[in-house]
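Residues annotated as domain 'C2' in Swiss-Prot, with sequence analysis given as evidence: 1-107. Positions annotated as domain 'Protein kinase' by Swiss-Prot, on the basis of sequence analysis: 380-634. The annotation domain 'AGC-kinase C-terminal' is assigned in Swiss-Prot to 635-706. Annotation comment: Swiss-Prot describes Tyr90 as phosphotyrosine, evidence class similarity to another entry. The zinc finger feature in Swiss-Prot is assigned to 159-209, 231-281; the stated evidence is sequence analysis.
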Amino acid sequence: MSPFLRIGLSNFDCGTCQACQGEAVNPYCAVLVKEYVESENGQMYIQKKPTMYPPWDSTFDAHINKGRVMQIIVKGKNVDLISETTVELYSLAERCRKNNGRTEIWLELKPQGRMLMNARYFLEMSDTKDMSEFENEGFFALHQRRGAIKQAKVHHVKCHEFTATFFPQPTFCSVCHEFVWGLNKQGYQCRQCNAAIHKKCIDKVIAKCTGSAINSRETMFHKERFKIDMPHRFKVYNYKSPTFCEHCGTLLWGLARQGLKCDACGMNVHHRCQTKVANLCGINQKLMAEALAMIESTQQARSLRDSEHIFREGPVEIGLPCSTKNETRPPCVPTPGKREPQGISWDSPLDGSNKSAGPPEPEVSMRRTSLQLKLKIDDFILHKMLGKGSFGKVFLAEFKRTNQFFAIKALKKDVVLMDDDVECTMVEKRVLSLAWEHPFLTHMFCTFQTKENLFFVMEYLNGGDLMYHIQSCHKFDLSRATFYAAEVILGLQFLHSKGIVYRDLKLDNILLDRDGHIKIADFGMCKENMLGDAKTNTFCGTPDYIAPEILLGQKYNHSVDWWSFGVLVYEMLIGQSPFHGQDEEELFHSIRMDNPFYPRWLEREAKDLLVKLFVREPEKRLGVRGDIRQHPLFREINWEELERKEIDPPFRPKVKSPYDCSNFDKEFLSEKPRLSFADRALINSMDQNMFSNFSFINPGMETLICS
């Protein structure tokens, strides 16, 4: 296998060449590839292949051998212009490797001029030259892990589009007019009108967002419903002390005429915020929101009380008979024991009075509740750190009661809250609780929490992930890649049958057990309730794997998982990503417009599978249209036996013991396994009820954990 560079030359600039003054240059270039050889006369370069004359803005291929150089000569057809430069192909390939497989540079020519050169790195099975020297140098596109991204969650309240925001300067809430405390993303800010608020004040916003308050829908709404139409009387004002805008919450800058002040209510705003302030002069939004909430709760209580009467005044409904009345009342009263236990470990277990309320529960349920409330991080010994990120850390832990080993994923509550990922965390827990129904999904034992952290206790898969293994062998052979792809298909189809779109399929998230079977992990990006014609439009995923319909802002369904599956198979078979770019903008353009490169040595069935997976029309993509199991690449697969794990994997990872960590990145294993410190002020002010339904134990694992 020999790597090669696909090179393009363009944009020749002759500079200040005297011979070019007043003349049309009309240049052309000649490319001479020379080999380094040792001779009796010493070291020298010899040209073994014919000279190439590539047209401008076209491409040509040059294979990489150590010592091989490329001489580029530019000549003029109409003038005496000769410029040249020499490029070492090995150094150019190294530059491409550091820039995600491609590079773009200006070449300075001698004696004058310059030109733009684009180069892209590829692998090909055409030369028989030994590639060991290049393997040692790491000429591969898959040389680092890639993190997922997700569009900020948008809270739509009264036409506002609030997103969690980090305020780099002191900011005040436009609802309660108090300071927005905290680190990271302290509060919400509207993307349309820039109104800043506390996260806790989002339910107290009564003014609709329109960008302008003059004759706005919001003003008309209050005028018709509440008879409120009080425009502010703003006038330019000179502030003698630091003052904050009561709309966007930031400081009014300047020495004079810094902002506007309302003569009636004294509201202070920026000049730029004047047109975005609602006509609510003299109205306290916080108090009005509380009053409206009280009225609503009073009306609900009154309607509930009225429903208990047999006859009603006004428009008459048929009176409910006594038997119906008795049947409808109990659902209004919470049933003891039916509510999911809080599971907060710093609380003491339920006392006897709570246990005696209501009918006695089965013995298994009581054991589960007791264990769920008592389980804490001190029940585990943290041996190694397997990975970490902005979310938290993953540990290899030993359960003290049974001396069994688990992988514990610890999330920091303050980070989850700041990133507005509470619901994503709950989705991950629910998907993991379903994983026991399928052999190729990571199984979760239980979840519990402390005041600072959330913990997922999962099976420890000591075979490592596919990204770790592909970095050592650079690509998988056809039988191995086909086996992994088939097991991933079964896992994806199970998730899709449950109405779950995975949205983060990549090498990093495919783990191996000790026998060599795959397990899909990390369900934090999943979307639930996607059965039938349901679609979503959240922008999320790992950049290299994102489907074009996501980039185009279109609504999508499980079709995006089959595009990501195509990228996964391409990387397993070829050893590099199908789409490239120096930054995300170029990468996304490549995903939308470019066709992947297929080496000549790629098997016909594998290429056909990839072509059908990389169809940009979601409804025509394989997996959405047609049965992917029937593709010729999988003709040797017995799907029933595969799902029962009756087929031996082609590769078995080296595992020395149940707690072996040799298949994980060494950079994490060397760190001390300990929990990160949380923001104490934020933790103390946090509403812990947001995580009240987090704690969970899988019923199928009660005996194992309690033994």
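Just so it is clear, glycine is given a Cβ too, placed from its N, Cα and C backbone atoms.
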Q) Including all protein chains displayed, how many Cβ atoms other than that of Tyr90 (phosphotyrosine) lie within 10 Å of its Cβ? A) 18
Q) Which residue counts does DSSP give the zinc finger (231-281) for helix, strand and coil? A) 3 helix, 13 strand, 35 coil
Q: Determine how many residues of the zinc finger (159-209) DSSP places in helix, in strand and in coil.
A: 3 helix, 15 strand, 33 coil
